[in-house]
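Here's the structure we're looking at; comments come further down.
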Amino acid sequence: MSAGFVGVVVSDPSLQGQFTQVELRSLKAKFVSLKRDSGHVTTKNLPGLMKKLRGLNEVVSEEEIAAFLSESYPDSDQEIEFESFLREYLNLQARVSAKEGGAGAGGGGGKTSFLKSSITTLLHNINQAEKSSYVAHINTYLRDDPFLKKYLPIDPAGNQLFDLIRDGVLLCKLINVAVPGTIDERAINKKRVLNPWQRNENHTLCLNSAKAIGCTVVNIGTQDLVEGRPHLVLGLISQIIKIQLLADLNLKKTPQLVELFDDSKDIDEVLSLSPEKMLLRWMNHHLKKAGYKKIVNNFSSDVKDGEAYAYLLKALAPEHSPETTLDTKDPEERAKLVLEQAEKLDCKRYLTPKDITEGSANLNLAFVAQIFQHRNGLTSDTKQVTLTQTATRDDVLLSREERAFRMWINSLGVESYVNNVFEDVRNGWVLLEVLDKVSPGSVNWKLATKPPIKLPFRKLENCNQVIKIGKQLKFSLVNLAGNDIVQGNKKLIVALLWQLMRFNILQLLNKLRFHSQGPQGKEITDADILNWANSKVKASGRTSRMESFKDKSLSNGLFFLELLSAVQPRVVNWKVVTKGETGLFSAHMHSVDHWTTLFPD
């Protein structure tokens, strides 16, 4: 981690603006490797590389890529430079997107468009309506913040938001609004003028914390935030705000949601619903009661005419819902009346009538979430609530493990987005994606079935392949069979995931050892990590020591703070360290660029 880091520089600023630094470094490495192996990059060898790139690997063949490149390079021996490669990659993506009718940008897969907005690599157009809404949200929730109030309110019309993002403070504060207590604010550098090192620390803290609360930040680096790249900044902000608005849409926070399900409903399936799906189910529950005949399946095309909103408000707030709203024939006029009625419930105006009629998915979702927060219309039947709380007790016991594994899997950059580990792994597909990440080439995709999977034996086939690969990787799977995963055996799934995570981390450390010692270096073991940590702390002049990874003395965090200080002295502020009775440790852990920097030698 260096204050002077520049990254991959492209001579054309408009071309560089289409990629994050993470993407540029990855593409540059692939390009250089091909050039080193082949001597020259031409239309003869470039299609093989491009076929494997994001957005192209499953939708276009090498022959089609070669034909596309021949349009610009009729001479097959003509050498292609890196920047030309980037342009051809973007042009090919745009052509594929146009051919598919833009399907790849809006739906499908495990993630919603709300989450995908942060990782797209196609041409980046800023949605001004969304930007204005996010700015209004920030102005509302952070206007009284002691540090930020001198910079607020932000003008939604200019670039003030992106300028303010550059020091990292605003995003850290916004994360704490979404999930209070995520960041210990004493770990944020909050001077009026920050040096590059301090800015980088804030952005690292922000990105690590964003991952911890469930954001997808695979293709965002600290340099992207320092530069205030608009499409990446808005993508990250939209995810943080979404997490805040949907925080109560689960049975733990709102047990009354049990009213939405039949008594026969499997409680595990209920718990696995994503907040967005829970919000849709809640909306349809009230629409049905109000006499609405259609089913709302999304927050875009299904609500464009405003009719569903009129019925929803009629069910939840009849005192503010005159019949004239339903009688109105003009969709834009109906949308206007709906927003006026919602304002009487004190719902913040995240959208305009135009946003409703144009089907802005992000803003419509935010609007419905606001209605839920202010008036959910659910029962307060204590018998039902008690029943739900009893049913979820076992789930609470495993919640820490589930959260840790969920964040780890999502941080790997797999295509599927995991909302609930114990439910989402049951078809085996996510586990196969994880195995392909930690052990590339280990999965036989011809034998795998991609969701949605209707036939139970297809799920079992996926899970059986997971077990087979696990045994090949020398995992201890004595009591675990594919059917245990299909059945959702939480303890056995945890045992598998723990070994997967451990394998991934040791693999990372062995790569570092290889780079520092060459191929003759031995593989790293748990004992090596233990000895290294103790020796680092001892060399720094401190006396703490851990006997094993189960050492109870580790619970106060002091040993880890001393280890962090031994590696990078300035990351620990000893003035705020106590005997271990506060949550400071987690804040300091976030301030390290990546925990693998602890193992440089």
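Each Cβ is built from the backbone N, Cα and C atoms, and glycine gets one as well.
Keep in mind that TrEMBL annotations are predicted by a computer and have not been checked by a curator.
What TrEMBL lists as domain 'Calponin-homology (CH)' is 128-245, 273-376, 399-505, 523-601.
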Composition by DSSP (helix, strand, coil) of residues within the domain 'Calponin-homology (CH)' (128-245): 76 helix, 0 strand, 42 coil
Mean of pLDDT values spanning the domain 'Calponin-homology (CH)' (273-376): 88
Helix, strand and coil totals (DSSP H, G, I; E, B; other) for the domain 'Calponin-homology (CH)' (273-376): 68 helix, 0 strand, 36 coil
